[in-house]
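What follows is a set of notes on a single structure, which appears directly below.
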Amino acid sequence: MDKSFLVNEIKRLKTERDACILAHNYQVPEVQDIADIVGDSFALSRAAAKINKKIIVFCGVRFMGESAKILSPDKKVLIPSKYAGCPLSDSITAKQLQAMKSKYPDAAVVCYVNSSAEVKAISDICCTSSNAVKVVESLKEDEVLFVPDENLAGYVAEKVNGKHIIPWPGHCITHARITVEDLVKTSEEHPEAEVLVHPEVSEEIRESSDFVGSTSQIIDHVHKSSNTEFIIGTEIGVLHKMKKDNPDKRFYLMSPRLVCENMKMTSLESVYRCLLNMQYEISVPEYIRKKAENSLEKMLCIE
Ligand code: 13P
């Protein structure tokens, strides 16, 4: 379908349906460009909690749409691709978390927002990659179960003193594709470049980088930095805003394999069909939603 037809139809349907389009920083450029708000998981959760439109179209993956529904239960939340999931989120079930909790009955439970509504419902508090350190610091318990990302857990353990962090062995398959050879090669090719990575990368990559942050924190860092060259260790989607906002700076993706297939399932055409056919609606059973909301609201109070 013709791009200008899709863009015009999306704008028309958005007004007609009273919808707001949220897009994660990992979405393809043309989807970011038609969104009302583009951001990281934290910014989008905060936005979803405050939206005053009837419909939220969430361009991201399923757990993000679920978080929007949990925080805005009176809104209809749609995701353009019903298959856009997150293997990291799927790496732990509520049953597995329950078993872990029984082994550590005194521990606080922190779940990364990349988790199902059921896992959020039996956690004490949620976190995103931008606030995980602050969330863990806010807890009174010394022992913390941190699920499901072991790399983010390791990063938090490094930054927070006096807490015993017990990770779940899950990770993001996209960030796990970066090898040390990729880092060495890009650094040799661009010796002046600053190395910026997401905390979902492995410890060995994180330790050799100059800056660790969420997608929006990386984008902000680039904008404020006096450097002109950057090696980027996160999903390719972040390059769009960086290039748009900083035409004089140069960006090198640490690996060409930094493409999340799930995030790339959403296209302009699927956003158009989403608004046209009002598909695919996210629903969360109320008894789970209420408990999951508690974990998300606690996180939102921290910043
Ligand atoms: P942020 O949105 O917190 O940067 O994390 C990215 C991510 O994990 C998407 O799955």
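Residue numbering: from 1, along the chain as shown.
Heads up, the Cβ atoms here are built off N, Cα and C, so glycines get one too.
In the record from TrEMBL, residues His24, Ser41, Tyr112, Val113, Asn114, His198, Pro199, Glu200, Thr215 bind iminosuccinate; the candidate from Ser4, Ser91, Ser129 listed for the same site is Ser129.
For the pair formed by Tyr112 (iminosuccinate binding site) and Cys172 ([4Fe-4S] cluster binding site), distance between Cα atoms is given as 12 Å, rounded to the nearest Å.
Taking the Cα atom of each, Cys86 ([4Fe-4S] cluster binding site) and Glu200 (iminosuccinate binding site) are about 13 angstrom apart. Close contacts with ligand 1, defined as a Cβ under 6 Å from any of its atoms, occur at Asn114 among the binding-site residues Tyr112, Asn114, Cys260. Each residue contributes its Cα atom, and for Cys260 ([4Fe-4S] cluster binding site) and His24 (iminosuccinate binding site) those atoms are 12 Å apart. Residues Cys86, Cys172, Cys260 make up the record's [4Fe-4S] cluster site, and a Cβ search at 8 Å around their centroid adds Val61, Pro87, Leu88, Ser89, Asn114, Ile173, Thr174, His175, Glu200, Glu235, Asn262, Met263 from the same chain. Per Cα geometry, Glu200 is the residue among the binding-site residues His24, Asn114, His198, Glu200 nearest to Cys172 ([4Fe-4S] cluster binding site).
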